[in-house]
Amino acid sequence: MLPRTRDDYDNAKTSKIRLTFTKRYLRVTWFRGLVFVALSCILLFTIYIRWDNNFTPDTSEKQFDDTFERPVETLVQTQFHPPIYTPAHTPTSAPTHTTTYTETHTSVVHDTINWKERQNAVREAFKHAWGGYVRDAWGCDEYHPISHRGSNLTGIGIGFTIVDSLDTLLIMDLKEEFQHARDWVSNSLNFEQNGSVNVFETTIRVLGGLLSAYHLAGNDTLFLSKAIDLGDRLLGAFSSSSGIPYASVNLSSKQGIPAHFVGGASSTSEATTLQLEFKYLSHLTGNEKYWKKAEEVMFKIDSLQKLDGLVPIYLDPHSGNFVGSTITLGARGDSYYEYLLKQYLQTSRTEPIYLRMYDQSMDGVKSRLVNYSSPSKLLYIGELLNDDFNPKMDHLVCFMGGNFALGVTHGKTVREINHFNFKELEDLRIGKELTKTCTEMYFRTATGLAPEIVYFTGSSDSEKDISIKRFDSHNLLRPETVESLFIMWRLTGDVQYREWGWKIFEAFEKHTKFEGGGYTSLEDVTSTSPGRRDKMETFWLAETLKYFYLLFGPNDQIPLDKYVFNTEAHPLPIFIPRRKVRGQGWNRQ
Ligand code: DMJ
């Protein structure tokens, strides 16, 4: 008989029986241990997955003050109340289309165009633009080519043009020019200035530019140390009672400064287009403070009432509520929607909350804002003004063509994915059609360049789809259409996008190149004598020319499944967040 209890063991007469007991004891203990370890693993894995999908909010750190009341006259409206239910506008009949994804290649096989040569033409254009700036305005924030001078946004300037251009210089392999710019950053860039800057513009252009340059230059710590210095100063903007950043910040005192209009409200797109940059800064430094501040804004917005995921374009930094009811994917609304998707992609799809927010907002776009013009049935995205549909579209909205497609493939090509559900096919179609509409905004003007704003006509007897008001007919060298052409080309492989891009590039060359150096904005694209404006926006170097260059270049340069472009076209690598520096996330209410 084998021993079963301690007493049996103690009473055992022979060492053989004792040995048998010991073996049995070890076997049982080993088996129990194994079961314990397995159960622990399952438990830990379950906790991790739940935590990963829906993080628990750290309420101890959040300071929301919804009770704060602002003087009535300073705000248009302190709280946005979406209508209980208003039926979506009735779109002008959509064109019939198939539900399967079809590629409309002009045919890559028969494509005999020398794209390398065209890419080089873009590089030459960049050199022309850069050369004028270097000669006339070196070190200044902005460049005025006609008067051959530069100007600063504050004090001695904060590197708007130079820092915004660093990664384009690297991507175009302009080594000498890059070294010149790097030396300036090393010797002259100084953020210790008693002046205020716009938080959003400084984040997307300067912080984004430094972070992208850090990565593309092979982890050059000069750029990271400058980014940390700037990031710490920008954090001061988040000192409002709601956590919504003020529009501006004083670089020296780090004091947040409310906007001078709409009762001090911040633009929704501005408050929600800092997250890619702040999160990447946390990832690089191991310091979670940037991530947490940026994430808190998204948590706050997620808790507010929306109209099918659509948001008004102002936020009160004191109460944290929306102000007014204007809804647009143009000025002051645009990149809110862009960064919902890109935040999801940036952290390797580990934060599904952003995809849910993005999907909801796109449902709202499709049900309330997408419409078709007459007679050509061009798809466009209109606006809501006090719940009324307005057939107006800013050029800024043109980023949405590429964004819709990116939301379907997440940076893979349509060939790689191959299978799409109905919703995905619909989003791809909208992306394609909107991109086409945006090219029509170029091709239907006297200069072949798009105006800042267009209106679409909807009545069955209208003769033209697009009308342009004189006040809206300028062109600032904006990138959004080229951005969508680049993304659509990469994702679909349809050479049509490259051809449209080349046509647009030629129009820019013809009308905006300034022989005296640089490129200029235009007064009126509807005239064959469009008139010049004395300004070359920094996004011409940072975005428009970069997207042209990548559109005509090989597909493996900055692949879309490895990078997210910030809203100023600075590529930031996609990463897996480390536990230590990721945000807290939140549970939806
Ligand atoms: C850029 O500064 C950014 O793309 C921003 O998101 C919108 N406006 C300009 C370019 O048009």
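Just so it is clear, glycine is given a Cβ too, placed from its N, Cα and C backbone atoms.
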Member of Cys140, Cys398 annotated by TrEMBL as disulfide partner of Cys438: Cys398
Residues among the recorded positions Glu201, Cys438, Thr567 that border ligand 1 - Cβ under 6 angstroms, in sequence order: Thr567
Spatially closest candidate among Glu201, Asp334, Glu452, Glu480, Thr567, the listed recorded positions, to Cys398 (disulfide bond) (Cα to Cα): Glu480
Distance [Cα-Cα, Å, rounded] between Thr567 (Ca(2+) binding site) and Glu480 (active site): 10
Active-site residues near Cys438 (disulfide bond), in sequence order, restricted to Glu201, Asp334, Glu452 and a 10 Å Cα cut-off: none
From active-site residues Glu201, Glu452, Glu480, the one whose Cα lies nearest Asp334 (active site): Glu480
Of Asp334, Glu452 (the active-site residues), the residue whose Cβ has the fewest other Cβ atoms within 10 Å: Glu452
Rounded distance in angstrom between the Cα atoms of Glu480 (active site) and Glu452 (active site, proton donor): 11
